[in-house]
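Novice: This is the structure I want to talk about, given as C-alpha cells.
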Amino acid sequence: MSETSVFPVRAEVAENAWCDEAGYFKLYEQSIADPEAFWAEHGKRIHWFKPFTQVKDVNYGPGDVSIKWFADGTTNACYNCVDRHLPAKKDETAIIWEGDSPSEHLHITYGELYENVCRLANAMKARGVKQGDRVTIYMPMIPEAAYAMLACARIGAIHSVVFGGFSPDALAGRIQDCESDCVITADEGLRGGRKVPLKANTDKALESCPGVKTVFVVRRTGGQIGWADGRDVWYHEACAAVSSDCPAEELEAETPLFILYTSGSTGQPKGVLHTTGGYMVYASMTHQYVFDYHDGEVYWCTADVGWVTGHSYIVYGPLANGATTLMFEGVPNYPDSSRFWQVCDKHKVNIFYTAPTAIRALMREGEAPVKATKRDSLRLLGTVGEPINPEAWLWYHHVVGEERCPIVDTWWQTETGGILITPLPGATPLKPGSATRPFFGIRPVIVDSEGKHLEGATEGNLCIADSWPGQMRTVYGDHERFIQTYFSTYPGKYFTGDGCRRDADGYYWITGRVDDVINVSGHRMGTAEVESALVAHGKVAESAVVGYPHDIKGQGIYAYVTLNAGEEPNDELRKELVQWVRKEIGPIASPDLIQWAPGLPKTRSGKIMRRILRKIAENEYGSLGDTSTLADPGVVDELIENRMNRS
Ligand code: 6R9
C-alpha cells in the first residue's frame, strides 16, 4: 500500500462527529501544552463523590516510578457505569446479550443491571469479600461476567478476569499470584456449539489453591459438575437470598480496580494493575471520541472480557457513557460465517469493533456471507490487537462497510488501559495499515536503540514520553518488575515494547513487537511461557519458540525442540507436545509447527540466537546475517535443512 492512498474524512461524518480535524488539533495541542488544565477539565466527565483538586502526580524516574491521577478525589467505577444513569435510563438497554445460538438473546436495562450487580455485591459481602480482596472471574461471555466485574468495583474488591480459554494450570497460577480467595465461574461455557468445562477446570485449578474459600457458580448449560460443599455456591441461590440494593463504596481515585495478567518477554505473566479514577476518565473519554459514540446507538465490541479490550470497551467505557453495549457469547463462524453481520442486522448495530485476525478469517470465506446481510445500520468500524494488513483493511472498508464507514485502527495495550494511537472518525484522514495519530494527552516518541529521540519521518522503538490517566500503576505485588519492564530500557519514558514508523505526515505505523512477545490472533504470548511449558514435558531437554508470519493468525507459533538423549522424535510425540502445551497454558498457545532440533544455535556464552531461529522460521534463511559468534555454526545448516515452514 503506497502512502499516497489516503481516505479523506467524508463531510457528513465530520459534521456529526464530536470532533472534526481542526477540533482535534486544537484539543490535542491544549492537552500537550497544559496537561494539568486539560485533564482537570476532562476529569470531570465522570461522577466524583468528592471532587479532586489534584490532577497529575507522576514521577517516571530515575529511581522510583509513581503514577497518580486525581488522587484526592473519591469515586466508584460501578456507580459511574450504573447508578449514574438510572434517573434518565432506567428502562433503556445497557447490555444486549447475543447467545452462542442465534435463538438466544436478552436485553438488560440499566435498572436490571443495577439490581443484578447489587445482588451479587451483597452475595459476595455475605461470603466475607471486602474492599481490597482479589476476586477471580473465570467466565464465558454471559451478562453475569459483567455483573461480576461491576459488583467487585461496587464494593472495592479487585477483580482479576482470567480468559475462559485458559487451562486449569494457567488459572491456578493467576489465582496464586494475587492470592485470590473467591472465584466466580459457570458450570460450562458455550462457544460455537461446543461446551467449555469451566467448573471442572476450576476444580482442577483449585487443587493447588487451598486459599480459595468461595466459588460462585452460574448455571449456564445445566451440565453435570462436581461440587465442594461449603466452598461452592450457586450464583442464583446466593443472589436470591440477599437485598437488591447495595451502596457503592466511596473510594479514593487510586483504589485498585482490577488486575489483568498479560504476557511479557520474560518469566510468568505479569499482573497489570489499574486503578479507579484515571482509568474511568480515560476509558470513557476514548470510548466517546474514538467510536464517536452518540446517545442511543448500539455499540458492539467482539472481544472477550478476559482481555483488556473487553474490560475497557465492552464494560467500563461504554457503560460509563450510558451506552448500549452488545456482548456476544459465540464465535464469528457459527452457525456460519455470516454470523457477525447477522447479529449486526438483528440488533441494528451502529458501531462494530473487532480484531484483524477475525477479518482475515472471514475474508477467506469470500464476499457472499457478508453480502447475504444488509449491514445498513453500521456507520463506524474499528480494529484492535495487531497491525492490520492493508488488504484486510480494504476488504473491511469496501465489503463490510460499503465504503460508508470510517475505520478506526486503534493501537493500545493492556498496560495503557485505553486507546493511545488512533484515528478519530470525524477528524482523521485514513491510511490503511496506520493507527494514524495520538489521542489527546499522548506524547509518542520514537527512539533508537540508544534511546536517542528520532525526529520527523523515521522508524524505531515506540515510547510514550509522559503519563495519561489510564496508565497501569504497577505490576501487582512486584513494583520493581514494573520499573524494570517499562522504565529502565529508556529511562524517563514508558517503553511499549513495540516497533514503530512515523511517516512524513506524522502518522504512526506499528510494526510489531521488538521483544520476545508474539501476537497470535491478537493474543499476546510470551515465547518464554511456551518454552517453559515445553521443557516441563519429561522428554524435552530444551526449546526455543519464535513467531512466523501466518495468513490468518498474523503470527503462528514455531517451536524448536531438543529432546532428551534416547528419546525418539516422531509425529506422535509432536502431537503429544501440542496437547501438552494446550493443557499447560490453553489452546491459544498451541504450537503450529514443531521442529526437532538436535542442537540450538548459541553464542559462546550460551545465549540462544533467536534472530537466526526467527529467520529460519520465516523461511528467510538466505539472510541470516553474522553467524560467526556461534559456538557451533554447524547446527544452523541442519536446522535450515529440516525447516518446517516452506511457504
Ligand atoms: C489492546 C491490546 C498489545 C499489543 C501491542 C501491539 C499489538 C494492539 C494494535 C497492535 C498494531 C494495532 N497491537 N493493537 N498492533 N496495531 N491497532 O491488544 O492489548 O493484548 O496487551 O496487546 O498488541 O503489539 O503492544 P494487548
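Yeah, the Cβs are placed from backbone N, Cα and C, and that goes for glycine too.
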Novice: Given that TrEMBL annotates G385, E386, P387, D409, T410, W411, W412, Q413, T414, D498, R513 as ATP-binding, name the residue from R364, R481, R524 that shares the site.
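Specialist: TrEMBL lists G385, E386, P387, D409, T410, W411, W412, Q413, T414, D498, R513 binding ATP, and from R364, R481, R524 it also lists R524.
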Novice: Checking the binding-site residues G192, W412, S521, V535: which ones have Cβ within under 6 Å of ligand 1?
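Specialist: Correct list: W412.
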Novice: Report, in whole Å, the straight Cα-to-Cα distance of G385 (ATP binding site) from S521 (CoA binding site).
Specialist: 8
Novice: Compute the C-alpha separation of N333 (CoA binding site) from K607 (N6-acetyllysine), stating it in Å without decimals.
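Specialist: Computed Cα spacing between N333 (CoA binding site) and K607 (N6-acetyllysine) is 43 Å.
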Novice: Can you grab the distance from T309 (CoA binding site) over to T410 (ATP binding site)? Cα atoms, rounded to a whole Å.
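Specialist: Here the two Cα atoms are 11 Å apart.
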Novice: Which one is closest to R513 (ATP binding site) in space, judged by CA to CA distance, out of the recorded positions R191, R194, V535, K607?
Specialist: K607
Novice: Rounded to a whole number, what is the top Cα to Cα distance in Å among the residues the record ties to ATP, namely G385, E386, P387, D409, T410, W411, W412, Q413, T414, D498, R513, R524?
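Specialist: Site span for ATP, by Cα atoms: 18 Å.
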Novice: Among the binding-site residues T309, N333, T410, which residue has the fewest other Cβ atoms within 10 Å of its own Cβ?
Specialist: N333
Novice: For the C-alpha pair, I'd like the distance in angstrom between G193 (CoA binding site) and W412 (ATP binding site), rounded off.
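Specialist: Their Cα atoms are separated by 32 Å.
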